[in-house]
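Below you'll find the structure, written out as structure tokens, and then a few comments.
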């Protein structure tokens, strides 16, 4: 009985839902299928494709699936063949109770585009239940004066089957007093009445009994039996009469248990026990017996179980009043259940797609259906989502909704959405239901790697070891997964003369930069190149950055003395007159340093001297000057060692050796002016005289006298011959060139300081530059020396 009541409740819900469905789906295609109950799971129901006129391939490509209203999966669809199969054994009595026909409604959900097709599955009854009497023994008390053809009620049998398989007829054992007559009640169920064929005589037969048999219409038919005992009583010739033949009442579905529904009342004209009335439900269904209770004495009908308008909207109850003599009267009570807003909306999810790509608008995220079991405004619903999210709800047929993206999403801004779908009814008070989903956004390669800096400046000391880590670059990608994996590379240099591949390398995984070989500041002070960062997306995205490498100078070059040149040939001798004043400029030590900056700042100091204190060296310019007055006691020859030191760390140095000759009566040298042409002519005559004198080697004494005379004559003349110094001619080594322009000399010089011989005019050359520039291409050329010349005084 309980299963039957639940089935009736479900059937009423299904019928109500599909009445609304039929109104909203007018004109849509419907597939009708028929199946017998109790078939095994996997049994063939029908071919959906043929019934609806669809292609089998369309079912598979559009992801067709069967969706039921109560979320039960009774059917399954084979998308490869289009066949509908049973997912479970169907029990018609459990599904529909006593309702006939038993029709189940399903929808076929198809995507791209979203479409709903209706399926009606009629479950046909089989004769799997026998009629059953609730009371195995019935007791009837019949007055002896009951007229022939008097009718007496018998309890009906219950058969869960319907249609032809339900109870069809009743029979009793053949006897001379009674026969059975079959009646049909308002709900089309048959019940038996016992008809008196022959008057009863209490004195002759006070009691008799027979078997009541109920037969259904199945093949073969099933039956059930009960024992009927008839007790003959004395005369009771008045039946009870109700005050109203029909009662109609209304009751709210949320009424509390024990509430009084209605009171029925009847009377009997008899007296004594024959007028004592007893109220009962006549042939009431199980739902009625579970929900209501009648007081047999007072006729009060009270509520014993909760009401549910959505399950049963009304009850029709036959009330029987029976007197003490067995006579009865009947009345009908109709109880109308009034709906209250006691059901919150329901959400049934059909499909959810997560994660979804970030760059695809109008993507269907979720398909769901809403419903409210209430009626009227209580069953009207409003569906909504928060306004601050890029999603939109679109309604479809039969209260189906789709949740779609409103615009392209950006995973880098937000990778996850927690969406709350709220369904609110319009009843009083309003009830709502919320459904939360978490939606993940999958990454699309829409962000190129970004360097932390647009340009990088790296510093590297020269003379580095190969494979030295000189710095790192870094780029980040806002994407995720393989789209965020960055690979670094060197880009082709725009300078065709820069051998970038032999200078640096880069680790493709972490961006570490390495120097491939040792660098020389004097050859390469700086260079720049571009690096690229590419991700692993499809298509791959990339970006570039500029890298500048500045080579830092190391103190790896010692000072080089340009003058006096230390080449192992005849030493350079400087002549100083004994009459020179303190601070007299003897000579200037000229040196350069191939380094730059502080490493090329040179300082000079006198390291050794034949006579300390006689000469001094200026620290910043290398000038060698006399420190005091010269005297006759000072030696004629002096050897000076000048130390040239740079300002590097550690400092490097070089030495220059000078020979100084003190000469008596030696005037200051000067360069002849253009107006001194007559004096030059005298110098030429004197040269001829000296050559002749030197050719005369008659005696050493004569040579000494002539030498003394020559010296005297030189003092008087304006010619300014000085000592001889042989310096090589030709280019200097190219590594002495200050390539950066920041060295000690911006231009390198070679000096020639001697008196030329073999010339008709005694031309005196003093610190004349003979090499204007040091060129890099002269590196490694040999140094040539001019043969020493002697002036006509023999120095």
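Just so it is clear, glycine is given a Cβ too, placed from its N, Cα and C backbone atoms.
Swiss-Prot lists transmembrane segment at one of the ranges 628-648, 649-669, 670-690, 691-711, namely 691-711. Among 418, 463, the residue that Swiss-Prot annotates as N-linked glycosylation site is 418. Taken through DSSP, the domain 'Cadherin 2' (138-242) splits into 3 helix, 54 strand, 48 coil. Remark: the domain 'Cadherin 5' (456-561) makes no contact with the domain 'Cadherin 3' (247-347), by the rule of 3 or more CB pairs under 8 A. By the Cβ criterion (under 8 Å, sequence separation of 6 or more), the domain 'Cadherin 1' (35-133) is not in contact with the domain 'Cadherin 6' (568-671), since fewer than 3 such pairs are found. Residue density at residue 567 (N-linked glycosylation site): 12 other Cβ atoms are found within 10 A of its Cβ, drawing on all protein chains shown. Residue density at residue 418 (N-linked glycosylation site): 10 other Cβ atoms are found within 10 A of its Cβ, drawing on all protein chains shown. Within 10 Å of the C-beta atom of residue 436 (N-linked glycosylation site) sit 8 other C-beta atoms, taking all shown protein chains into account. In the predicted model, residues of the domain 'Cadherin 1' (35-133) average a pLDDT of 84.
Counting residues per DSSP class in helix, strand and coil order gives 16 helix, 39 strand, 44 coil for the domain 'Cadherin 1' (35-133).
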